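See below for the structure under consideration.
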Amino acid sequence: MTSLYLIGGAILFGLGVHALVARAHLVLKVLAVNVMGSGVFMVLLAAAAGGEGDPDPVPHALVLTGIVVAVSATAFALALILRVKAVTGRAHLPEGEGDAESGGS
Amino acid sequence: MRVTQAVSGALAAMLAALLAVVLWSLPETQGLRDPVAAAMDQAGVAHPVTAVLLNFRAYDTFLELGVLLLAVLGAWSLGRHTPLPARPVPGPVMPGTLRLLVPVAVVTGVYLLWAGSHAPGGAFQAGAVLGAAGVLWVLSRPRDLPAPPSPLLRLGLVAGTALFLAVGIAGLVVGHGFMGYPPPWAGALILIIETAATISIALTLVALFLGGAPAEREG
Amino acid sequence: MNSLIGADWAAWSVIAPLAGAVLAALWPRSGPLLGMVVSVFAVLVSAGAALGVWHDGPARAGLGGWEVPLGIALHLDGLSALMLLMTAVVGFAVSVYALAYIRPGSGRDKFWPLWLWLWASMNGLYLSGDAFNLYVALELLGLAAVAMVALAGGAAALTAAMRYLLVSLLGSLAYLMGVALLYASHGVLDLALLGQVMGDEPATRLAAALMTAGLLMKTALFPLHVWLAPAHGSAPAPVSAVLSALVVKASFYLILRLWLDVFPQPEGSAFALLMGALGAAALLWGSLLALRAQRLKRVVAYSTVAQLGYLLLAFPLMLAVPAAWHAVVFFALAHACAKAAVFMAAGSLQRSAGHDRLAGLGGVMRREPMTLFALGIAGASLVGLPLTGGFIAKWLLVEAAIQGQAWGWALLVLVGGLLSGAYVFRVLGHGFIRDLAVTQHHPVPALMSWSVLALALVSVALGFAGAPALELLTRHGGEGS
């Protein structure tokens, strides 16, 4: 039973990575990061259920900590997206800026 | 773009498959069950997850409160946040619901905080419930909710982190190590820290909700 | 008993910036004062920590009186002590510089709390001995750094901050998945314990790959460097200095820590050579971009991309000479001081001229001889001219390469030095062109020019600190007692 969750976690993580790279809209990227995070949390919780006796409390505590960190990062990211949108008018990152010598300082 | 999508999809699928295979084949471990169980009698609380969060791995929890605080500081540093939400919700439904919901949320939050010592619950769950109530509250009464004075708001946001750090330093000075409690006082200190943390977490969540409002609404 | 003293120093090294950060969040107005107090304390406690390690060897402290595997341990050894010292010295200079650079008002209220949190997260990272705790410290570090990049506020800075944030989150989640794998397979989180129980299983290998890849993203290693130059180039000068000098080193420190103390050495040399190749690519590509850039701060930012390449040479060099990482850490130290000084000097010139286009900076450079001098000597250390810290660092790298008969890497170090010479002299050259009209010139405040000069002198003086620094690095590994 726990292996189902382990594999589910792996799939969520992969989906998140894909969406983070493939999706252009910043809100979708931030959601993708959250999907990745959920994948990791699922793996941790599944690991806690393995073994004998009551579930291992340590991964539960780690996941609680991780959730709060994820909430904080998400909230800050959303605030940053709003600023990017307000200043540049777009909620996308400019394409191919890369190593070009772009203006602005 | 299509090529990027295909490549990233293929790579992500490979990564997921690799992770799945490796995780599938892992033997089960006992993890840290036994060390936690052995130390529970000195933890000051009866629930193992709370004991791990606020005693055995208190430093993690302290840093995590720091991350939460830093998120607010960061969001504020982006400039221009409206003290009130952009769009009031019209109609009587919202205020009516709130009149019923907010007291329930407060009672639930306080219960969760208290329950944390012996059952699932604790500062984060309590803070989340109270924070949600706060968000609803701000959404529904945009006109007559006075913005709290800034120093007081800051005190509320920092209270959890500051108190936690103060207790942690006291532990070092007294000789129980940084982030350590004298075992007989552990239960009481944990409850005090959790109470402060609950207030800070709830306020932080509301502040973060407000913090990113669009710039043009400033005023 | 001896190790207890070192352990206390470790705890205070974390507490000093943390307390400042918490208080600055409470009273942002007192930020400059708190920043100074924290700077002084940080220098004192990290010196104390280094002395403790010097005399008594590495120390561990189980936080809250809980020993591992139950609790979290702070781990202080030569490597972490040197990183603490580096952070303290650079942080001190940057703080003094920021007193004058960050103008009073809302900018100041924003800068100081973020900067102190950043400082606290770096010290926390250097001392933490717990895989999950390191994740929290990494996130703290990432958020603080991104928020500081966004301080500049323009479109370029905000876009750069956004890119940085996404890379940083991807990196830390890859790291966290590695931690989850390690916990699922070994049931402990303490790095030292993990190092003992770990074999060469598939789960360990996958965890090592994920964690290394995640941290390389945060270190901005080629080809994942794209976010660095816009982020470092468009941030306020003290922020650029801190990011380029310290923050990228923090994630590299963790890579080094994991491979030295935790992960089993991989069989064969493929991994080490891959890392070396990435380093070489970063060195060449970053230098070329620095040669092409038209803005001073961009040149300096691309120079960071290039110089980070040297850090990765640790891996191929360690194949033949196990102690080669000492040279790399010393290089990181020398680079931190020199790069922070160069970025701060660039910030002074930019403030003075009102822009940082290389073509128009010559006149201002000539009006600010002290800043130009500081830029010159810090640049010399960056290039690795004799009598500077950078020279000793590159000397040690070449020496390790020759010892291991790795002629290719030795040659690479020399070519990298030549390239950095080219872009540093390209910048300095503008200061010696005659008959330049100065369109605009605001004198640089004394605090700014003195702090830059002081740090530039430190970067040169490091040339004489090679022996003790390397000696400190030998205090490595398990507990002293």
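Here, residue 1 is simply the first one shown, and the rest follow in order.
Placed from the backbone N, Cα and C atoms, the Cβ positions cover glycine too.
Annotations in TrEMBL come from automatic prediction, not curation.
Residues or ranges marked as domain 'Na+/H+ antiporter MnhB subunit-related protein' in TrEMBL: B:97-208.
Annotated transmembrane segment per TrEMBL: B:7-26 (among others), in sequence order.
The feature transmembrane segment is assigned by TrEMBL to B:62-79 (among others). Same-chain neighbours of the transmembrane segment (B:62-79): 157-158, 160-161, 164-165, 168, 179, 197, 200-201, 204, 207-208, 211-212, 215, counting only residues six or more beyond its ends whose CB sits under 8 Å from a CB of the stretch.
Residues or ranges marked as transmembrane segment in TrEMBL: B:100-117 (among others).
Per TrEMBL, transmembrane segment is recorded for B:123-140 (among others). Among residues of the same chain six or more beyond the transmembrane segment (B:123-140), those with a C-beta under 8 A of the stretch's C-beta atoms are 54, 84-85, 88-89, 94-95, 98, 101-102, 105-106, 108-110, 112-113, 116, 160, 193-195, 197-206, 209-210.
Per TrEMBL, the feature transmembrane segment maps to B:152-179 (among others). Remote same-chain residues near the transmembrane segment (B:152-179) are listed as 58-59, 61-62, 65-66, 69, 72, 123, 189, 192-193, 196-201, 203-204, 207 (criterion: CB distance under 8 Å, separation of at least six residues from the stretch ends).
TrEMBL lists B:185-210 (among others) with the feature transmembrane segment.
The domain 'Na+/H+ antiporter MnhB subunit-related protein' (B:97-208): residue composition by secondary structure is 88 helix, 0 strand, 24 coil, according to DSSP.
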